[in-house]
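Under the heading domain 'U-box', TrEMBL lists 256-330. Under the heading repeat 'ARM', TrEMBL lists 393-435, 475-517.
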Amino acid sequence: MEEEEKGLAAAEVPAVERLLVMVEEIAAICDFRNAYRKQLGNLSRRIKLLAPMFDELKDSRDPIPESTARTLAPLEDALASAKELLRFGSEGSKIFLVLERDKIMKRFQEVTAQLEQALGGVSFDELDISDEVREQVELVHAQFKRAKERIDMPDPELYGDLLSLHNKGTDASADPTILGKLAEKLQLMTIYDLKQESLALHEMVVASGGGDPGANIEKMSMLLKKIKDFMQTQNPEMGTPANSKFLSDGKPKTLVIPDDFRCPISLDLMSDPVIVATGQTYERTCIEKWLASGHDTCPKTQQRLSNVSITPNFVLRSLIAHWCEANGVELPKRPTRPSKPSSACSSSERANIDALLCKLSSPDLEDQRSAAGELRLLAKRNADNRICIAEAGAIPRLVNLLATADPRIQEHAVTALLNLSICEENKANIIASRAVPGIVHVLRNGSMEARENAAATLFSLSIVDENKVMIGASGAIPALVSLLSEGTQRGKKDAATALFNLCIYQGNKGKAVRAGVVPLLMGLLTEPAGGMVDEALAILAILSSHPEGKAALGAAEAVPVLVEVIRSGTPRNRENAAAVLLHLCSGEQQYHYLAMAQDCGVLGPLHELAMNGTDRGKRKAVQLLERMSRFMEQQQETQAQAASLVRTQFEVLAEAEQSEIPTSTALVDL
């Protein structure tokens, strides 16, 4: 029996390795410069998140049961299909991909369904993988399930323009404006791009064997020639990508950078936007210089900063990248960080850091306390210090100090980790050092300042999506809810910010609800003087999409409070209150909540929000008004039916009374 098990394990290791290699090969396919960039990028990103599962299976000492191994086989087939699609999306003809939109989207749906089905058939209970990795894979499975149910079509205008030009024939003249738009959207702006497209079409001709598809591809080649001729008239040298759009007369037009994309300090397009404690966003280098010069206020609002931590604004960075791509603008280069400690700080500074690390390992508590405190301040000072401290090996030593019984050392250690986590490169090192359990320990048991900084550290780490799963599984959410309940004003804000970020992941929403966060948030809504209304509504807007969140909101009698916020709150709070109410009015008890909202006089505030709210607030208000209108129509129909039924009953009774008169008379005569 032992020999059979060993043989089975030996047979299955190559299969797991094949899966891991396939994911790595898919991760290497990254040049999606065509109309399907978003769809291909999403598919690639989701598949890459499966790598930790295969890593753990590869390193596991336990053999995979034969029945479980069989459930992995369909996943290998699905990954092979995805790899083929991604490779074609990266190397295939951009013109062909757009013109064959329906076939390509059908293939997307088939591959997505195949991956979803394959993941759904895996017996995770039988696999030797951690809870964090399992939750991450289940998150990917849920994403594939949602993607399978919707079709995200590419740019319809691009498809229409290209199809129109394709159908005109080879001799028809083309509008230069259309050709300019096509060249830009297809990213056929340089001689290299045009040559690659020509090679891709040539490969398709060879693959078709000269049959009917070849004739179709010939028309695509003529279309490519028109684009090439146009680009050569615009730029005879054709050496580098063009960064400007074309007007109808062929001249470039000056692009206006949206104000939100400019740094308030430098007024330049941001390449590395970061958020400060007031919620304002700045270019990283600009705000770091501001803080390094001794300022403790927000440059734009002049508010005093509660802390000097900065957080990458990934959402805005992504929007800027999309805007640059859409407008043919080269994305500003992010400043590169030095890779060697010697280039980040001087030899004397490095020697000082090394000496502090030695003191961290000293048995003397006073040495530990002073060293941790000094590292905390150094990490707060500037980005170069954060890199040097991390590269010197401080992170594992600071993590070890999180369990100390000395409250001051513990506070210094967690705050130093918070300051180090500001540097994106350090986040992975902190997670790899298994810091999360120690941070959660401080969050539960530390001094109030230590708990506040532990919450802020968890927020900083949770910016990376994969970390949300791990932090949620660590028991952090109940501890954050406790801090939200009993912390100082700053502590409550740190806890709320971390909870908001963690609850973006669906699996953490139920944990937060079960930890009792909804009644607590409702209490904060009814205390405007507490200054937590914004945070409370933002979290409720996320939790209200979860079934347990809806149930908890109903139990907390949230509707009257939400209606009052829609009536008199700030624009952002009115928007979030409408979002929460819309979720409540979309479930099984929607008529109950619609009736409550009607009784609370929601119609007037909703009409006003639909006219004067934020864009999102207007959409939510319109959706609620539509639901309310249907509900009121049903009410009227029900009332009309009830009135009709009452009239019918009266008529029946009246007829019965008339028919009973003779009978009564006869009885009297007897």
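Don't overthink the numbers, they just go from 1 along the chain as shown.
Heads up, the Cβ atoms here are built off N, Cα and C, so glycines get one too.
Predicted-model confidence for the domain 'U-box' (256-330) is 78, expressed as mean pLDDT.
DSSP states for the repeat 'ARM' (475-517), grouped as helix (H, G, I), strand (E, B) and coil, give 35 helix, 0 strand, 8 coil. For the repeat 'ARM' (393-435), the residues of the chain that approach it from at least six positions outside its boundaries are 309-312, 337, 353, 356-357, 360-361, 365, 368-369, 372-373, 375-376, 379-380, 383, 386-387, 441-442, 446-447, 449-450, 453-454, 456-457, 460-461, 463-464, 467, 470, judged by C-beta separation under 8 angstroms.
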